[in-house]
Protein chains: 2
Amino acid sequence: MPTSSSGTGQRPRSRAAAGLPAITADRIIDAATTLTGERGLDNWTLRELARAVEAYPAVIYHHVGDRDAVVNAVVDRVVGLLELPDPDLPWQQWFTELLAGLRAVLRAYPGCARRLALFGPSVEAATRSIDAGVRVLLRTGFGRESVLAYNLLLMTACQFVAMEDDRDGALALRIDNTEEYATYRERADLPGMAELGSAMHDLMGDPDLAAGYYAQVYDYAVQRCLDGLTHRLAELRESDDPGLTAT
Amino acid sequence: MPTSSSGTGQRPRSRAAAGLPAITADRIIDAATTLTGERGLDNWTLRELARAVEAYPAVIYHHVGDRDAVVNAVVDRVVGLLELPDPDLPWQQWFTELLAGLRAVLRAYPGCARRLALFGPSVEAATRSIDAGVRVLLRTGFGRESVLAYNLLLMTACQFVAMEDDRDGALALRIDNTEEYATYRERADLPGMAELGSAMHDLMGDPDLAAGYYAQVYDYAVQRCLDGLTHRLAELRESDDPGLTAT
DNA sequence: ACCTGAACACCGTTCAAGT
DNA sequence: ACCTGAACACCGTTCAAGT
């Protein structure tokens with residue numbers, strides 16, 4: 001039994017009316033979104049969600065569906081939080097702002113980034129941002145490659161946020177390779193590994209550096225993608241042959 | 001009981017010697033790798049793995065460890081299959097070849113790409129390719145950014161392979177949004193979505209195009225990253241200030 | 001229509017006991 | 001040291017029965 005609020009139970013009508021608010025799909029998704037914000041998308045069970053809304057697991061099925069349906073609803077809700085930049089911005093700046101906002105939103109709901117990177121959002125939730133983003137690229141001159149370029153930017157962004165999310169999870173579990181990598185920093189026989197080891201060592205020594213590290217990695221990735229697309233745009237304009245065929 | 005081969009049972013010594021080969025960590029990881037190749041890293045259970053080597057689940061724990069330990073061993077083995085290009089190749093070509101090989105290897109063992117994108121390989125398994133890759137970038141002139149650039153390339157590659165893997169899984173489950181997106185292709189009010197819809201529609205109409213689609217998306221992503229890094233390299237050479245600080 | 005309460009068929013993991 | 005066999009504490013999901 002879901003822990004009842006132990007009311008006096010004078011109500012003769014339906015059980016749920018005994019002081020408990022009505023259970024709706026919306027309320028369930030609210031609770032699931034809250035749980036996701038607190039522990040991440042993969043770190044709550046349907047049974048815990050049911051407990052959170054003071055209901056039985058079967059009630060979740062009745063109102064929303066199986067776990068996957070709940071998760072999809074949560075991801076859609078999170079995607080809905082994303083704000084779109086001013087459409088009149090230059091395209092690089094438009095995407096820089098979009099992706100900065102995306103990181104902020106996704107980081108607040110761990111696990112959503114991974115889900116988005118792998119499956120994408122539902123068509124309905126995605127429409128707003130896809131339309132805006134592809135429109136910016138079309139207007140810029142990416143032609144038939146606009147969709148490809150949009151996907152590259154969004155997926156790269158989601159991927160790097162997913163890495164951050166999982167990194168937090170790994171840190172919580174005390175599985176952190178940083179120290180092990182750092183031991184390689186004097187290995188003259190492996191100069192590549194030594195470079196990595198030295199970077200990891202710097203990171204370990206400076207908490208401020210470590211705090212901003214992932215933001216920097218994210219910005220680096222986004223910036224390199226934008227640079228690569230800028231280069232491609234010049235190629236497209238030169239050849240005057242927009243489209244996928246001329247890769 | 002693991003389905004015994006129902007031998008005559010004349011052997012007096014240990015149970016395992018009744019016609020069954022000795023169980024070793026190596027044999028377990030072999031079996032796990034085979035299962036992964038057949039169904040993907042997330043689509044077998046420890047109990048199935050135990051059955052595959054005709055042993056009890058506890059035997060897996062005894063020789064290898066928990067499920068995570070087995071999975072890590074499988075991923076390490078898959079990473080070991082990767083061949084490194086000739087170190088004298090120009091850097092872009094070196095990475096183009098590396099990442100083409102990476103896609104081939106990872107696609108043969110679904111689920112490994114995602115794991116790699118999120119956690120990276122174990123330090124030991126990674127050493128070979130990290131050292132070679134970072135060395136190429138150092139020699140090219142990326143200086144302190146070599147590690148960042150290496151990670152960008154490898155993570156982008158893994159991410160796109162992971163998307164392919166999961167796409168296959170989703171197709172098996174008949175959750176495919178392509179058709180839904182295609183319905184937007186005449187929506188003049190949503191020109192961005194219409195562009196996407198039209199791309200999806202083309203894909204649905206031409207099986208050959210669809211077959212090569214993900215390879216193309218992968219190559220596009222890799223190429224844009226390389227272009228972006230080439231651009232960055234020029235900036236670094238101009239400023240003559242190698243390092244992370246000048247982002 | 002909505003909720004209850006129990007059940008089903010799994011899962012990863014642990015452990016005392018055997019040899 | 002290695003294996004057995006059973007158990008534990010979960011999980012998502014289903015379903016007949018209640019109101």
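Just so you know, glycine gets a Cβ as well, placed from its N, Cα and C.
Matching A:45-64, A:105-124 against TrEMBL, the residues noted as DNA-binding region span A:45-64. The average pLDDT the prediction assigns to the DNA-binding region (A:45-64) is 97. Per DSSP, the secondary structure of the DNA-binding region (A:45-64) breaks down as 14 helix, 0 strand, 6 coil.
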